[in-house]
Structures are given as C-alpha cells and as structure tokens.
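*Asks:* TrEMBL lists these features:
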type    : residues : note
DOMAIN  : 2-80     : domain 'Threonine synthase N-terminal'
MOD_RES : Lys112   : N6-(pyridoxal phosphate)lysine
Amino acid sequence: MKYISTRGKAPALNFEDVLLTGLAPDGGLYVPESLPKYSKEQIASWSSLSYTDLAFQIIQPFIGGCIPDDDLKAIIDDTYVDFRHPAIAPLVQLDRNEWVLELFQGPTLAFKDFALQMLGRLLDYVLERRHQKVVIMGATSGDTGSAAIQGCKRCSNIDIFILHPYKRVSEVQRRQMTTVVGDNIHNIAVKGHFDHCQAMVKASFADQSFLPEDRQLVAVNSINWARIMAQIVYYFYAAYAVGAPDRSVSFSVPTGNFGDIYAGYLAKCMGLPIEQLVVATNQNDILHRFISGNTFEKHELQHTLSPSMDIVVSSNFERMLFDCYDRDGAAIADLMKRMDTETVSIPSTAFAKVRELFDSHGVDDEATVETIASVYDASEYLLDPHSAIGVKAARECRRDTATPMITLATAHPAKFPEAVMKAGYPSAPALPHHMSDLFELDERYEVVENKLGDVHAFIAANIRA
Ligand SMILES: *Cc1c(COP(=O)(O)O)cnc(C)c1O
C-alpha cells in the first residue's frame, strides 16, 4: 500500500513514512493510492469478531507489510486496554431505529482516544525499530491534548510537549492533561490564546533548529493518516450490531475537521452498506453551508458550547474533495489556493458526488441545549453537547426512517458541565468512577510567556537524552 498526496506533487510514501509525516511537501494530505474493496460475503464473515479482531482485519491492508502481522495484532490488542467498557464502542438505543454509538469509553472520555491510543503505540514501535527518537509538539484547546498525552505516556521514544492557553481551557480538560505523570510528558501553559499556541507549533514545524540534531517533530493532529485509519473500524463494528451487511445503515457525525466522518466515507468505499452520512456542525458551519449550497466561504471563529468542533476550515475535507475531483491533484492544489482567499463553488459533477452521500445540518447553541434537554426528558439519556448536535442533525436530515440511524457520541457529558446544566440538569454530571479522583491529583505544568523563544528553550531543556 502506497500513499499519495492530494495535491499530486509529492513522492508516494509507504505506511511507516506516512506515520512519521504531517503534511505532504506539496502542502497536500496523504491518502491511500487505492482502497481495499470487500464483497458482502467477506464483510459478513467478520460480523461476529471482537472489536480488536475486527480492527486487525480492517487495518492490516493499510499497513502494507510495514509491520509483521503478529506485531500488529499485539499493538491493536494493547491499544484498547484502558477502555472501560467491554464492548469498547457500545451502542445505546434512543428511539425506534435510532441509536448512539458511545465513543467516549476511553481514558480521556472522547472519541479521539480511538485514534491516539493507537497512534502512540504505532509510533513507538516503528521508532524503536529505527533506533530513533522524536518530539511530539501540539497545541490544544481541549480534547486533542489530553488524548495525545494519554496515547504517548508509555512511549519510550517520544517526548511530548502540549501547549494550551493559560487559564483558557476548562478545569476538567486541563486536569486531564496536567495530572498525567511521566518524565516524557510536558504541559506548557502559554500566556495567550489558543491561536497563539497554534501559531507557535506551526512556526516550530517550519524551523526545527531549536531541537537537538537527532530529533524531529511529529504531528498528532487529525491530518495524520493513522488517526483516520483507526476510526474506520467503529463504523463497521456499529453497523454489524444493527444488521449489516444485510441491512444498510446511516450515520450522523459531529464534525469539526472532518476526520471522523471521512473515516465513515472510507468505510462506505470499502463496501460497508452506508446509505447516508450526516455532517453535523455547530455555528462554525462552513461545511453545512457548502454541502447545502455549494459555496465555500470562511467566516470568523465562533466560540460555542461544543468547543471541540470550533473551526474555521475543516482540514480533512481536502481528502474528500480529492475523490470528488477524480483524484486530480493539480485541480485540488488550485482549488485550495482559491479557497484561502475567495468564496468558491465547485463544478456540478463534483458537487453531485458530495450530495449523493452527505447531508448536513448546522446546530446553534440554543438548539444544542434544547436537544440535550428533550432527549433527557424522553429517555433519561444524557448527551454531551457535541453528541447532541449529532442527534439533532440526524433527526433533521434523515432520508428514510426504516434505515437505522446511528449518531456518533463523541464525548462524555461530564467533560462539558456548562452545556449540560444549561439544559436543566441539576448539577455537574459525575465523572466515571475510574476518574473520580481527577480533582485531587497533583497537577504539573509550566507557565510560559507568549514568546516562541521561551517555549523553545523549555522544550530544548526538557528533551530526554
Ligand atoms: C475532535 C472532536 C470532534 C470533531 O471531530 P473531527 O474529526 O475533527 O471532525 C467532535 N466531537 C468531539 C468531542 C471532539 O473531540
């Protein structure tokens, strides 16, 4: 299996090199050169596998021989040890033919654990074999940072530095990062905004001279292909539970950078009978405006009750457009350049491909809170604000009520007490038992001035030999 860039001008890479790379040198994103395609019989034959055995079947072809099967099996088996539900991704029924897939049973209570628990282990395995060490640097406004830290905490070949804006992340989210103990884990609280943190990470990738000679930076944001790959598995797993492949299913996905729902699109391309994919956005609705009206126009960032979906543009959407343009890299390079500065529409043949599978709905804070309240009223099931957006969009966009509709529940409600209490829930929802001591644990983080030089000095001084 080879990986090619969406902008057509970067050399093809194998899995191992893609794992260690962020953006392609031509500015594009890596995608598999071709996808494995499975018959209905083949898909049916996996229907009773455990989550980890299914994950092995789905993931193995993407590794392209870079990791021996037995080692890959061991990595996958180890990936989900810290998930506290035996089903790993349990389904809960909300109404007739309407379900939520709980993707928040991992160590940080959000779906990013599925990808980052695997990414940390894959990286450490490959690095060990290459006798190489790397530095992970990332900026977070919440979920990604804690999931990356949890994913890398046992990695002996990785030092991880996560920047968050000082006093500007929620206490649960900060504590999920700062209470993890390890001499390779470093939280940097920057006296600035999230945008400043992100700009510093970007500048650091562009000029890595602050690192020792034998180190490079690795990206853990959702443009990393391995993250997408890990997310394909739960679409299959959930579909089996409601009768696939004999029956079609639909999914609604709370969407920010389009990584999660893109994995659903790949599952469909591989042969899973998915009828409809609903792109659920909050007020940062660039994708909803595009899918409903074929105009791509950047708006200013809005801070919402669903902060993990607060984006201006969705980085992974480029991967989708690449297919809609019949994989014409030059056309995508041109389109992306125009999208940066102007309002863009795409040709009707390309747009028709988007509309065949995707519907979309934008859900504002008021409707989010209203959905949390009404679902709780009807079934005493408490949704977090991101998942509530998914449920609301599913209900608005559903094409056919005979087809099971599964909303991906991307976070646990205890992570977002503000939204939940606005919906009338009497108190902050309790953290799951395994985290009940979160507010008693010691925190460790370094407060640093909003200066790139200070951040680099801290990193250089704390990289292990
Ligand atoms: C990251 C995140 C999302 C958005 O996922 P994308 O892959 O960026 O579209 C949705 N909900 C939660 C809770 C998240 O952490």
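Using N, Cα and C of the backbone, Cβ positions are placed for all residues, glycine too.
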*Asks:* Counting across all protein chains shown, how many other Cβ atoms sit within 10 Å of the Cβ of Lys112 (N6-(pyridoxal phosphate)lysine)?
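*Replies:* Excluding its own Cβ, the number within 10 Å is 31.
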*Asks:* As a test of reading the model: what is the averaged pLDDT for the domain 'Threonine synthase N-terminal' (2-80)?
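*Replies:* Looking only at the domain 'Threonine synthase N-terminal' (2-80), pLDDT averages out to 97.
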*Asks:* When DSSP states are folded down to helix, strand and coil, where does Lys112 (N6-(pyridoxal phosphate)lysine) land?
*Replies:* helix
